[in-house]
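Engineer: One structure is given below, represented as structure tokens, and several questions about it will come after.
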Amino acid sequence: MQEFNPANVPAHVAIIMDGNGRWANARGLPRTMGHRKGVEAVRGAVRTAAEIGIRYLTLFAFSSENWNRPENEVSDLMGLLKAFIRRDLADLHRENVRIRVIGDRSNLSGDILPLLIEAEETTIANTGITVVIAFNYGARDELARAMRRLAGEVAAGRLRPEEITAERISSTIDTAGIPDPDLIIRTSGEERLSNFLLWQGAYSELLFIPDLWPDFTRETFFAAIEQYACRERRFGGLTQPTLAVGS
């Protein structure tokens, strides 16, 4: 088994899981089959991240724009998420995985919200890897919701405008308490962030890989961490560049 120096492993990796539909189309299969295969890749990614020593793994599961997809595809995606939680929650809990969910919950209906809450509450005391599920998530919406909360605090006299700092914003958005991602990976060869972690990813390393998400394997993940290891992270500075991992 390949090993990384724990001091050199990114604490937080976020993944835009792209390419399920194209994977299915290339094989003459319904798009829903691509999503089902993608769930298998999720299971593997969680195991591999824990094996590597990553502390936080954020997965872009369903964007706030995905509601615009065909109704049958949205329904299948909802069904897959619910099935994943029902089938895998006990195993994840047993493996000391903590689940957190980010995104707008205000308009979620049916049985999906109770399941998301159950996943969080069941694993809240776990101390292993934290898997952050970005569901009904969009970065612009996240910031708008945070700004409304802060504006309400100002209007109520509990907060002065000059107290709205970058730190205050970070503690108000959905990922409060979670470190910013060190590495953001997008599969399928597309090279854009698609409204994902725009605030948190200000200094993240970006890695765009050609593999479609269902083809994302343990070896793919290890190769991504190796590439991260070769990068220099300056965080906007000009002096004393720091390698992503020790030399």
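Glycine too: its Cβ is placed from the backbone N, Cα and C atoms.
Taken from Swiss-Prot, the feature active site applies to ASP18, supported by sequence analysis. Sequence annotations record features per position, and here Swiss-Prot assigns active site, proton acceptor to ASN66 based on sequence analysis. The Mg(2+) binding site feature in Swiss-Prot is assigned to ASP18, GLU205; the stated evidence is sequence analysis. Under the heading substrate binding site, Swiss-Prot lists 19-23, ARG31, HIS35, 63-65, TRP67, ARG69, ARG186, 192-194, citing sequence analysis as support.
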Engineer: Around GLU205 (Mg(2+) binding site), how many other CB atoms lie within 10 A of its CB?
Structural biologist: 19
Engineer: State the count of C-beta atoms found within 10 angstroms of the C-beta of HIS35 (substrate binding site), not counting that atom itself.
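Structural biologist: The answer is 22.
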Engineer: Cα distance, the residue listed as 'active site' to LEU193 (substrate binding site), nearest Å?
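Structural biologist: Roughly 11 Å, rounded to the nearest whole number.
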Engineer: What is the total of other Cβ atoms whose distance to the Cβ of GLY19 (substrate binding site) is within 10 Å?
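Structural biologist: Around the Cβ of GLY19 (substrate binding site), 25 other Cβ atoms lie within 10 Å.
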Engineer: Does TRP67 (substrate binding site) have same-chain partners at least 6 apart in sequence with Cβ under 8 Å from its own Cβ, and which are they?
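Structural biologist: Once residues fewer than 6 apart are set aside, TRP67 (substrate binding site) is near VAL74.
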Engineer: Other than its own, how many Cβ atoms are within 10 Å of the Cβ belonging to GLY21 (substrate binding site)?
Structural biologist: 21
Engineer: Hey, of the recorded positions listed (SER64, ASN66), which one tops the CB count within 10 A?
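Structural biologist: Of the recorded positions SER64, ASN66, the highest Cβ count within 10 Å belongs to SER64.
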Engineer: Just to verify a number: CA distance, TRP23 (substrate binding site) to GLU205 (Mg(2+) binding site), in angstrom, no decimals.
Structural biologist: 26
Engineer: Rounded to a whole number, how many Å is the Cα of ASN66 (active site, proton acceptor) away from the Cα of ASP18 (active site)?
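Structural biologist: Approximately 12 Å lies between the Cα of ASN66 (active site, proton acceptor) and that of ASP18 (active site).
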Engineer: Identify, among the recorded positions ASP18, LEU193, the residue whose Cβ has the fewest other Cβ atoms within 10 Å in this structure.
Structural biologist: LEU193
Engineer: List the Cα distance (Å, whole number) between SER64 (substrate binding site) and GLU205 (Mg(2+) binding site).
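Structural biologist: Between the alpha carbons of SER64 (substrate binding site) and GLU205 (Mg(2+) binding site) there are 24 Å.
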Engineer: Tally every other Cβ atom lying within 10 Å of the Cβ atom of TRP23 (substrate binding site).
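Structural biologist: Within a 10 Å radius of the Cβ of TRP23 (substrate binding site) lie 24 other Cβ atoms.
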Engineer: Measuring Cα to Cα, how many Å separate ARG186 (substrate binding site) from the residue listed as 'active site'?
Structural biologist: 7
Engineer: Determine, using Cα-Cα distances only, which of these recorded positions is closest to GLU205 (Mg(2+) binding site): ASP18, GLY19, HIS35.
Structural biologist: ASP18
